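Comments concern the structure below.
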């Protein structure tokens, strides 16, 4: 689960991090009032969406008057912002953050942290190249990224934070200020089950003070059950409608840009299914894992979910019956096809537990369902049907 910038800054500020001041506005009048309250020579109006690349997409604007703040806010709120991290439809802008005047600054730094899967520990990354995408820095000048791996038994040590401060070129009081900032960030990371933390840029102001000009936080969704206050911050308007609906039925769904819907049990088999569709010249429209313990109701909902995507021209159902029985899946498929007006070809491949019984149910249903003998055959049949 992602947080908006204003939510991330509020959370980080509660852990003692120095963040850029800002006021949330939901309309032009509120943005103008926020500009007056901040009282600087200029302000920055930032669209609040769950996506990076806002500046290049026109979602971050410098304003020099209350009238301009109102005008920019009204031009953003109610629209969809399309960035390199969104799909073609973009993300809806429901509010803007009017931020205080902090420039010019001495320099812009970068500080971020993730859970490193290779070490299975929290790893901090810092760089002197702030204000640009860290991916670009990693690709072009990887030597400018400094990494610190934290031992979970002892936590982040002050000496580790000081070493990073030295590498960033900080001096005197800035070093202690940075140690406090990085320590607070680690505490926030652990206590709130972050999956991602990023401050870009971390500005060194003209007076030498540090300030988090931006803030990006991703929360581990698996931990939301123990984070009720964080869960309340969820903005469902920023999530794909079908992915949101899928989560309500414990389905793992990711929308893609193809035209062949996929329903599979097991993430590995789902990825293999998408691979072979591509190999045969097709384009998968989604990743959909109904899980090893799929129930009849979940399969029906999964089928509905796939067909809600108007770009879907055919459906491939690939089920390996291990825990789940193929006859139960077959009954669910028949029920879903009868309930929904299915006007696209459906190819079904069943293997494993009660596969023969499942195939019998499909064949005797009287519905236009095509059985496949193996994954290769299934992929060839659905690609041919879609291209027919």
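Glycine is treated like the rest: Cβ placed from N, Cα and C.
In the predicted model, the domain 'ATP-grasp' (9-245) has a mean pLDDT of 94. Sequence annotations record features per position, and here Swiss-Prot assigns domain 'ATP-grasp' to 9-245.
DSSP assigns residue 55 (ATP binding site) to coil, not to a helix or a strand. Every protein chain considered, the tally of other Cβ atoms within 10 Å of the Cβ of residue 55 (ATP binding site) stands at 15. Summarising the annotation, Swiss-Prot assigns ATP binding site to 46, 53, 54, 55, 100, 103, 108 and lists sequence analysis as the type of evidence.
As annotated by Swiss-Prot, Mg(2+) binding site applies to 200, 214, with the evidence given as sequence analysis. When secondary structure is read from DSSP and collapsed to three states, residue 200 (Mg(2+) binding site) falls in the strand class.
There are 13 other Cβ atoms within 10 Å of the Cβ belonging to residue 323 (substrate binding site). Look at Swiss-Prot and you will find 265, 322, 323, 324 tagged as substrate binding site, backed by sequence analysis.
Taken over all pairs of the listed substrate-binding residues (265, 322, 323, 324), the Cα spread reaches a maximum of 10 Å, rounded to the nearest whole number. Summary: among the binding-site residues (53, 322), the fewest other C-beta atoms within 10 A of the C-beta are counted at 322.
Per-site Cβ counts within 10 Å over the binding-site residues 100, 108, 214 peak at 214. Each residue contributes its Cα atom, and for residue 200 (Mg(2+) binding site) and residue 108 (ATP binding site) these two points are 8 Å apart.
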